[in-house]
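Chemist: Provided herewith is a single structure, encoded as structure tokens, for subsequent inquiry.
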Amino acid sequence: MGSKGAERRKQATPGQTPEGNVVMSFSFESYQLEEEDCQGKDISDKGVLALSEPAFEEAVPDDRYHGIYFAMLLAGVGFLLPYNSFITDVDYLHHKFEGTSIVFDMGLTYILVALVAVILNNVLVEMLSLHTRITVGYLFALGPLLFVTIFDVWLERFTIKQAYVINLMSMGTVAFGCTVQQSSFYGYMGMLPKRYTQGVMTGESTAGVIISLSRIFTKLLIKDERKNTIIFFVISICMVLVCFILHLLVRRTRFVQYYTSLARRGLSHAKDHSQHASQYQVHHDVITEEGNGAVGCSPAGDGCADFAGGNTYVRFDVPKPKMKRSWPGVKDMILHRYVVARVIWTYMLSIAVTYFITLCLFPGLESEIKNATLGEWLPILIMAIFNISDFVGKILAAVPYEWNGTRLLFFSCVRVVFIPLFIMCVYPAQMPMFSHPAWPCIFSLFMGITNGYFGSVPMIHAAGKVAPEQRELAGNIMTVSYMSGLMLGSVVAYAAYSFTASGSSFHSQTGYNFTQGY
């Protein structure tokens, strides 16, 4: 733990102005008075005192044992785990709601509500505090999980039609809460070093892997479907609670408070912060002062006091009063977002295009890939390969490489090649061009890696392209782009699903694990 800068009054240090006037500086916050070189300057120049940010004699906090990084990884797990919990018990859903498209309807409900939530969160970013939004998000995510587990799965209080509607409503509530968390966390991570954004995004992929393993083991160990589903949901609830408690603990750590306070004061991260640290200085300017040549000072604005005694001026420095932040007007909010979007627009398009292409294919079109030998296991295998490779891609995003925004957008668009490749794995229905099961597995592997990588890199780098005080807003704007890509991809996938489902009875007779890797 670093020691704070001494806040005792330093011994007065005199400074000489070009006209021979003496300036005495008494500092209460480790400020220094420096004399600026005045050689070669016109003798008529006046001395002006300038105030900039204080230099804090505080050691940069360290993420000892990578505990903060691990907590942020679990944060990514926490805000996608409730959604994955509803989707991953696909066997229970298909058995209970036989002959319906419950999994697909829940996925579409999630995307549509999530888009509304991320836009609303973007509007409220200046109105509600960061941690208020995250806490509310956790409560909205946990509530439906508890309600469905107790009243629908355990007590079975509803009819089939009622349960269907309640599950969709629960998914919508989860979507709202989880998306508010997600959008807020991206803004939160924008204030921390880049690796923590990568940690959160890796956690998103980890959520799909963890919840899939949880469902596999509960189903293998407990044969009764209702009991293993209850235990599955209880495990999910406990994991979300752990993530929530970790968030409450981590937000109070010195590491997080140090970096978030830097960002809110408009300073860079620690290594840049040391370069910007400055003191009171005597600057020479051509601005005309009072007739007696006094050094100008604004007592009300700078919290200083001048005492004229001959040609001697004494300045006492006191901390600036904190100003209460008022809510901005609509025009200001639009202007703030426009200014940020002008800087990061290539990153916004990159992440939107990446997830649009992925959602066009996953899980909709991939679930239609059939094979006589592997049967219904092929789509499950393809989904598993995608989730694992997506996880690997997000880990690779941690490798330091400075991407140019235009190149990043180009490579994100190149991924469109996966669309015709997967179509050739499905059509023509009687004999697809890529009929061997290895082909869709290979395509899914590369699609997952590129989705994880190009879905993470724009989010990681975008916050570093704007001023520190704009980083939380940049993270929220990037999440709007991210969710826009998901929504547009889901709409296209829904059209493809309706088209293929009408001509195939195979899909209606089997249930697949549509665990989302995004």
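Glycine is no exception: its Cβ is also placed from the backbone N, Cα and C atoms.
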Chemist: Check whether Swiss-Prot assigns HIS66 and MET433 to the same side of the membrane.
Modeler: no
Chemist: If contact means at least 3 Cβ pairs within less than 8 Å, sequence distance 6 or more, would you call the transmembrane segment (230-250) and the transmembrane segment (158-178) in contact?
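Modeler: When sequence-distant Cβ pairs are counted, the transmembrane segment (158-178) does not touch the transmembrane segment (230-250), since fewer than 3 lie under 8 Å.
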Chemist: Taking the topological domain 'Extracellular' (1-66) alone, what is its mean pLDDT?
Modeler: 50
Chemist: Going along the chain, which residues at least six beyond the ends of the topological domain 'Cytoplasmic' (219-229) come within the CB cut-off of under 8 Å?
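Modeler: Sequence-remote neighbours of the topological domain 'Cytoplasmic' (219-229) are 89, 91-92, 95, 153-154.
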Chemist: Between the stretches 134-154, 158-178, 343-363, which wins on the count of C-beta pairs under 8 angstroms to the transmembrane segment (408-428)?
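Modeler: Looking at each of 134-154, 158-178, 343-363 in turn, the most contacts to the transmembrane segment (408-428) are made by 343-363.
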Chemist: Does the transmembrane segment (67-87) make contact with the transmembrane segment (158-178) through 3 or more Cβ pairs under 8 Å, each pair 6 or more apart in sequence?
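Modeler: Contact between the transmembrane segment (67-87) and the transmembrane segment (158-178): present.
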